[in-house]
């Protein structure tokens, strides 16, 4: 059986009050439309078409790596019109098409699989996703036959007294037999107060033709649409709860899961402990037995097992097994830190490699450098990597001891087994086995205060 999907992503999203298309706003680090695409793919649906409109180039930019096709809806004339715009995608296809909305990011791949299985096994012409709610005010009601099949969808304003009591609502997500859908679209009209083509009218057309229509009921949170910043926040809360619950089930400890913010694609190993206020973003991987103390941010990075991070920022970097970072360290992109290293307080490292067992304990800047293993950086060391025009590289070998308040003027090389005296400004290569001293001699002028009349008696 051939299965495919259409995702409606052409809405303007006026209530978002944004210059961006609604569907590219993110929920837990991923664009809403990409949540839907990815869950469709997890349900083994490979052929996906996006109906786009206002801000189409932006939507394409955010979905270009998702291997989808696009249909253009120049004018937003309703959900039925959006599907009509995708007729070319459906042309000559036989099988089943599911239709989802790009602003409902909480739909799960399990529900999508259930939708296709229910639809295909029951040989329905159409299957709706519905939900039951305590207050259905404003929603279209699902009215069922005695057999359980769907009889019709009635908009709230058109409900009679009995229909108003129904609390099963329409989600706007469907499965259709492709041939029946295309034939029904030919009879779709815009004879309504809004002058729009509604996909719900297709259900009525099918029923009038004697077709079989079913529905599956899912939790309301799965069909929540996002039309405002308030609803975006509500979706974020639901998604975050799901994400954190998944990690806890897999053996991760959260001291306070309600104040821990983890993006949907983050991977975390078991026996890792995460304290409140941590933000873990992008395609980050945290291995086993790590400890992330409060107010740390990690983005698009790999953190190996046994790492401790305290009040620090790590961006697009790799931190080796057993290393400690922080407090108040800043690890900038393209940094690779080895095993059992120590990156201490107020240390900034940018685009550099730090070897195993190296200690950079405090108040140090390292940029565009290769640093070997078992080195020690004294407090106040600066790798001076910028000459005013471009960044230069510094190379430091193994077992180098860098004294406090040292300036390493790039490009420069410090070889293995070297010492640099505190307060030095190094501009030339330091040979292996050497002690480098590059500072002015101390001069004591005896009696100077008395001569200047500054001596206090």
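From the backbone N, Cα and C atoms, a Cβ is placed for every residue, glycine too.
Bear in mind that the values here come from a model prediction, so they are computed numbers and not experimental data.
Per Swiss-Prot, region 'Pyrophosphorylase' is recorded for 1-229.
The Cβ neighbour count for residue 10 (UDP-N-acetyl-alpha-D-glucosamine binding site), using a 10 Å radius over every protein chain in view, is 27. What Swiss-Prot lists as UDP-N-acetyl-alpha-D-glucosamine binding site is 8-11, 22, 73, 78-79, 140, 155, 170, 227, 332, 350, 365, 376, and the listing cites sequence analysis.
In the three-state DSSP scheme, residue 227 (Mg(2+) binding site) falls into the coil class. The Cβ of residue 227 (Mg(2+) binding site) lies under 8 Å from the Cβ of 13, 15, 16, 22, 103, each of these being in the same chain and 6 or more residues away along the sequence. If you look up Swiss-Prot, you'll see 103, 227 marked as Mg(2+) binding site, on the strength of sequence analysis.
The region 'Linker' annotation in Swiss-Prot covers 230-250, and the record cites sequence analysis as its basis. When pLDDT is averaged over the region 'Linker' (230-250), the result is 98.
The feature region 'N-acetyltransferase' is assigned by Swiss-Prot to 251-457.
Following the DSSP three-state reduction, the secondary structure of residue 362 (active site, proton acceptor) is strand. All protein chains shown were included, and the count of other CB atoms within 10 Å of the CB of residue 362 (active site, proton acceptor) stands at 19. The annotation active site, proton acceptor is assigned in Swiss-Prot to 362.
As annotated by Swiss-Prot, acetyl-CoA binding site applies to 385, 386, 422, 439, with the evidence given as sequence analysis. Long-range C-beta contacts of residue 386 (acetyl-CoA binding site), restricted to its own chain and to partners at least six residues apart, with a cutoff below 8 Å, comprise 367, 392, 410. For the recorded site, residue 386 (acetyl-CoA binding site), the DSSP three-state label reads strand.
DSSP classifies residue 22 (UDP-N-acetyl-alpha-D-glucosamine binding site) as helix under the three-state reduction. Following the DSSP three-state reduction, the secondary structure of residue 8 (UDP-N-acetyl-alpha-D-glucosamine binding site) is strand. According to DSSP, residue 170 (UDP-N-acetyl-alpha-D-glucosamine binding site) sits within a strand segment. Using a 10 Å radius centred on the Cβ of residue 439 (acetyl-CoA binding site) and all shown protein chains, the other Cβ atoms total 13. On its own chain, residue 170 (UDP-N-acetyl-alpha-D-glucosamine binding site) has 128, 130, 139, 140, 141, 142, 153, 200 as residues at least 6 apart in sequence with a Cβ closer than 8 Å to its own Cβ.
Cβ neighbour density within 10 Å is lowest for 78 among the binding-site residues 78, 140.
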